[in-house]
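Have a look at the structure below, then the notes.
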Amino acid sequence: MKTSIKLAWRNLWRNRRRTIIAISSIVFSVLLASWMRSMQEGSYASMIDNVVKFYSGYLQVQDTAYWEERTLENTIEVTPNLKNQIERIEDVTLVSNRLESFALAANHQHSKPAMVLGIEPEAEDRITAISKKIKDGAFLQTGDKGVVLGKGLADFLSLGVGDTLVMIGQGYHGISANGLFTIKGILDHPNPEFNKRLVFMEIENAREFYSTYGLSSSLVIMTDDHYEVGHLKKNIGAILPSDKTVMTWQDMQPEVVQMIKSDRAGGIVMLAILYMVIAFGMFSVVMMMVKERQREFGVIHAVGMKKQKLSVIVFWETVFIGIAGCIIGLIISYAFCIWFYYHPLPLTGETAEAYIQYGMEPYMFFSLKPSLFYNQMILVFFISVFISLFPVFNIHRLKITKALRA
Amino acid sequence: MKIIEIKNLYKTYEDNSVPVHAVNGVDLSIEEGEFTAIVGPSGSGKTTLLNIVGGLDNATEGSVFIDGVDISKLSSRKMTDFRMHKIGFVFQAYNLIPVLTAKENVEFVMHLQGEKKAKRDARASELLKAVGLGTMMDRRPSKLSGGQQQRVAVARALASKPKFVLADEPTANLDSKSTENLLDIMEQLNKEEKITFIFSTHDQRVVNKARRVVMLEDGKIKSDLNKNQG
């Protein structure tokens with residue numbers, strides 16, 4: 001084996017320029033594939049962060065019937081003990097109660113249906129960093145009796161900070177819910193729909209308004225990695241009583257999941273085309289290498305090396321090219337994507353506006369998820385192994401007398 | 001003692017559906033220690049005969065016994081082993097492995113035979129000294145002249161201690177001085193170490209050195225002259 005590897009290694013460098021070109025083609029392929037995947041996954045992560053995090057959180061504990069009906073009748077009581085138990089689960093970074101319902105928001109002349117979100121202000125701000133979106137006034141604090149409105153809603157009702165908002169709705173078990181609330185702040189929510197409808201209240205204030213004392217629509221749970229919510233769902237589900245359920249952001253936002261899936265599929269088609277180009281490039285190099293060495297193969301076999309051993313040498317040569325290309329490609333790709341991770345590409349023009357409309361930051365983000373890089377490396381390596389079968393077959397069919405005349 | 005016995009050997013190719021008899025009923029025996037040249041015009045069947053004797057090609061009919069073994073009965077794998085242990089080859093175009101040094105080229109076959117490093121090292125050095133390349137052992141083929149490369153090829157052919165060496169036009173690419181030098185070395189190895197050499201050649205200088213000259217024409221033996229017997 002040692003001799004086979006030594007011979008293979010030396011053979012690689014007998015035509016230095018060709019070997020460098022072959023390795024470079026793999027390096028650039030790994031780089032391009034990794035860069036594409038990093039950009040794709042970075043964009044998905046940003047989309048999930050922006051769209052999912054601003055509303056649903058990564059997981060929610062709810063009443064089993066809440067997600068279908070979304071009424072106050074399906075609210076839950078979250079005991080301090082349950083909240084503590086969930087907070088102690090590994091990878092859970094934050095747990096926060098929410099009370100969500102609808103009401104008619106009005107001034108002295110106009111009204112508009114509004115989405116009321118009762119929140120734990122400090123925890124909610126850690127989840128969504130929503131206080132940074134405040135355009136006028138201030139964000140809520142625990143114990144506040146005022147409200148914060150989306151800018152669209154405030155503009156529609158011609159209300160500003162310090163004005164009074166009239167809220168009329170239906171509370172728990174059909175109780176009438178009416179109230180006057182001072183506007184503490186106005187925020188520009190990145191999601192235009194939310195901007196036109198959203199009213200934030202401190203959760204105890206909202207409970208009082210809807211008469212849902214001690215109840216929550218959901219318990220929002222945060223974690224650091226949106227790819228890793230499956231095990232949390234399992235662990236949280238295990239401690240919940242039978243009338244409560246836990247949903248992941250994928251369960252709650254299937255359209256986002258679907259969009260990512262179809263976009264990812266498009267990316268994979270592009271990658272498949274790229275890999276075919278890589279494969280043909282490598283194949284042409286290996287084919288040339290094999291064809292120009294027919295006589296040498298003939299001599300080596302003539303003096304006593306079995307075809308099997310000769311195949312191993314040529315196999316190693318191809319694999320060396322694959323390994324070298326993959327390792328160098330991996331290092332360069334990772335360094336390249338680190339730079340883009342910290343310096344995302346800014347989008348301009350209509351694309352940027354479309355991103356803003358959907359509540360996303362107008363940047364092309366990059367991901368540094370390790371599997372994005374080593375998957376490309378492994379795939380290119382297997383392509384090189386597959387291509388190395390060509391010289392193996394060629395040697396298997398070798399006729400010494402014909403090879404010696406080559 | 002006969003080391004090669006060729007009986008009623010035929011090799012027929014199809015050329016545009018026309019049969020061509022490259023070897024056409026050859027019977028020949030080679031004794032141990034011979035220094036034999038197989039001569040003849042181009043297309044007379046010299047190389048084909050040597051290829052069949054060397055187990056590089058198969059006969060259409062007839063048999064070749066080497067050291068008492070009918071090589072036409074051997075499988076491809078066994079034939080490869082047989083070549084490695086019993087036959088040394090010297091090719092017209094030297095055909096050394098370009099990425100190995102002179103010494104590594106000579107050691108190559110011994111390595112395939114599974115010889116220990118110390119033994120390989122000692123024999124390769126000894127053989128390269130014997131062919132006058134004791135100071136060039138670590139040079140790769142590209143750093144050696146044609147004559148020097150062919151001397152390495154002779155050393156390689158002898159490394160496995162074969163029963164005989166087949167040399168196909170070994171001097172065809174060499175100048176007069178290199179040819180003279182190579183032939184002297186092979187003649188010396190033949191005389192001192194009783195190594196059997198069989199050449200196919202056009203070269204009169206090789207014919208002059210050979211002690212037996214077999215002439216082929218149209219795949220048949222036209223004459224067989226043993227100079228020792230007159």
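Cβ from N, Cα, C; glycine included.
For A:20-229, the entry in TrEMBL reads domain 'MacB-like periplasmic core'.
Summarising the annotation, TrEMBL assigns domain 'ABC3 transporter permease C-terminal' to A:268-397.
If you look at the transmembrane segment (A:20-36), the same-chain residues 6 or more away from its ends with a CB under 8 A from one of its CBs are 267, 270-271, 274-275, 277-278, 281-282, 285, 321-322, 324-326, 328-330, 332-334, 336-337, 340, 372-373, 376-377, 379-380, 384. Annotation comment: TrEMBL describes A:20-36 (among others) as transmembrane segment.
If you look up TrEMBL, you'll see A:268-290 (among others) marked as transmembrane segment. Residues 15, 18, 21-22, 25-26, 29, 32-33, 36-37, 314, 317-318, 321-322, 379-380, 383-384, 386-388, 390-391, 394 of the same chain lie 6 or more positions beyond the ends of the transmembrane segment (A:268-290) yet place their CB under 8 Å from a CB of it.
When Cβ-Cβ distances below 8 Å are used as the criterion, the transmembrane segment (A:310-342) is approached by residues 1, 4-5, 7-9, 11-12, 19, 22-31, 34-35, 38-39, 42, 282, 285-286, 289-290, 297, 300-301, 365-368, 373-374, 376-377, 380-381, 383-385, 387-388, 391-392, 395-396 of the same chain, each at least six residues removed from its ends. What TrEMBL records for A:310-342 (among others) is transmembrane segment.
Look at TrEMBL and you will find A:373-395 (among others) tagged as transmembrane segment.
Long-range contacts of the transmembrane segment (A:373-395) within its own chain (CB-CB distance under 8 A, at least 6 residues past either end) are made by residues 26, 29-30, 33-34, 37-38, 275, 278-279, 282-283, 286-287, 289-290, 297, 301, 307, 310-311, 314-315, 317-319, 321-323, 325-327, 329-330, 333-334, 337. Helix, strand and coil content of the domain 'ABC3 transporter permease C-terminal' (A:268-397), in residues and according to DSSP, is 104 helix, 4 strand, 22 coil.
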